[in-house]
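Comments concern the structure below.
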Ligand code: ARG
């Protein structure tokens, strides 16, 4: 028996009313028939008996029900158009009589709809109208249900087809409704423990409204909070929301912002869910005159938050598509690089001169949407001929077999993204790539790019049928990959050939951090088989205490844990919690999604620990802040020469929070109290290339001046990991220094491989990072600056290395060499106390 069908349930308001009415009604007849004192006693006892009996039955059923299954609170967000209503100003104000009046009509209509369906009636609690907007009138509401687990799917299904139900409400209803939209509220928003705030704002013409997360920019946003901003524009306008600053936790499961094309959080109207850190274009447009912005946070880790500007802009139908002619040209998705609007359909016809064919290369391509399969592309996509493309890619290209090509772009009603930017060119069918290599997909690449181990064509056709050279690994699948990448922990071949026979352990064995070999089966089995716990270190389980080695992390209480890089990862691994202490470091409060040679301009404030060390007003070296009074640089920066006494503190000026060298007045300046070069620094080999500098006056930290985290001696930076280099050094070998701080992404390179490439000049205090094809590297003037390594779980940046030396700059197969900071952790502590 289904307990839900018979018994009174636990305290839903409307049911309580039904129960209260039911009992006296059945007894009242008897009451009226029986008169006199004796009768009254009988009647009273009967009533009491009936009351007690029903109480017992109720309690039993309630008990039975509770034992049977727990109800889950589900809230559905919905909107519907009231076609026979006209919008009046009072509908914007929930306290007005007009609002209350219409809201109660909507609620009773909803009640009517839900009561028609037994599965809904039984689980329905109540509905509240959240807002109205124009057109005729659109009502936005939340309906609460308490649904037993087993009925969830069914209730979801009924709710999603609710517009069929409403047809059954009959003519008695005064509101004529259509265009019903429904979805279960994002479960992260259904929490009674979250502090919830709602703001409503009607935007003014020509005035931008600023919306900010609570505390921004002075404090991180609060924990366990939900804030909603209901934004409206005048009819005939849409809302443009531009995020000027955005810094949330990296993991959307914890904290996120969701933007809706609605006034309630209907999932089919989400424009996007965002988290992490952005500083480049992050702009959304509504399709109508309303928008909802929500911020939801949980109890772990709070970030600075965001500031956004909302403006109302005239609704102009987005024009896109058209006829493109000539030999070449570019086109983009609507509003690129802003997010494209929802429900877009564009069609471009590209027509090149007779006799030539068309090819289209997508330089940027991003249409990512939850629930969309990149092979089917049923939501937002680009369509050329029969091929549909979606997701994200940096190498997309299509070619035609005639002088015409049609490109379509489609977006649906939810989740928008950046879209694409594309170039089309006409090509000669007989000679598609004059003097270049022709890929199977008709892309043209430089002849040297053929068989260099990189998929330059995008379809790998440049890497097929290659004769591998002496400096290449022959992959079993026929590819050749540069020797450079052998045993770097990354499967470059695709079939893992480049990662075979790398260690002492057999293929079915796990290589422990102490180089012991244990069977793969022993990984994550809860036993410390390696002796150093490394076989249990990355299993997502609790840390275990292990004997201390140079590969294990040592807690403050001198106990060692087996966790890999436990410091500041947001999880307490040491029993004394010391791995999560002193973690106010390495946080980037400004970052772009996205000279140093081959780099790009950093965003102002993106690398707040970066220091510019200057002599007589000119930049000489980089350095990194490690505390309010100490910075780390390279020892080779502080060696005297015939002209300058670089080893003396008074020679230097240090600039903090500097972005462009042209604007030093905006930066903080300090003189130095001491310069400590490592005593073992070797001018010939660059071994021990590290120096410490003490400032004459402590720094005050803010968003643009902050320390980087120092890695413990056991911190592991695996080969293949992507890291960032930053500095104002030369932007090409022998070139000039950069004005604006540059950043570039490089990968850590396996020690043995690197030592071979650098002719054996590496010592155990050096590490290598670079890009094997060349073109990206640190260069003169970057020395002393940071090699930045982000520890993803905690979102903290660690100082992996200090820019030290290289063979020229950015040459092919010549990585940059960095001083390994973890090797100097003890020395730094000893000399600075940090
Ligand atoms: N020694 C150089 C300096 O003083 C930095 C060289 C880094 N070179 C390189 N190719 N990564 O600025």
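For all residues, glycine too, the Cβ spot is worked out from N, Cα and C.
Since this is a predicted model, take the numbers as computed values, not measurements.
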Handout entry: Annotated range (TrEMBL: transmembrane segment) out of 15-39, 40-64
Key = 40-64
Practice task
Using CB under 6 Å from any atom of ligand 1, narrow the recorded positions 457, 505, 539, 783 to the ones that qualify.
Solution key: 783
Practice task
Spell out yes or no: are there three or more C-beta pairs under 8 angstroms between the domain 'Peptidase S1' (596-833) and the domain 'CUB' (199-313), with each pair 6 or more apart in sequence?
Solution key: yes
Exercise for the section: Filter the recorded positions 439, 480, 517, 548, 560, 636 down to the ones within 10 angstroms of residue 689 (active site, charge relay system), Cα to Cα, kept in sequence order. Expected result: 636
Handout entry: Alpha-carbon distance [residue 505 (disulfide bond); residue 512 (disulfide bond)] in Å
Key = 9
Exercise for the section: Average the pLDDT scores across the domain 'CUB' (199-313) and report the rounded value. Expected result: 89
Exercise for the section: Determine, from DSSP, whether residue 636 (active site, charge relay system) sits in helix, strand or coil. Expected result: helix
Problem - Those disulfide-bonded residues, out of 439, 475, 487, 505, that come within 10 angstroms of residue 530 (disulfide bond) at the Cα - result: none
Handout entry: 439, 583 as disulfide-bonded residues, winner by CB count within 10 A
Key = 439
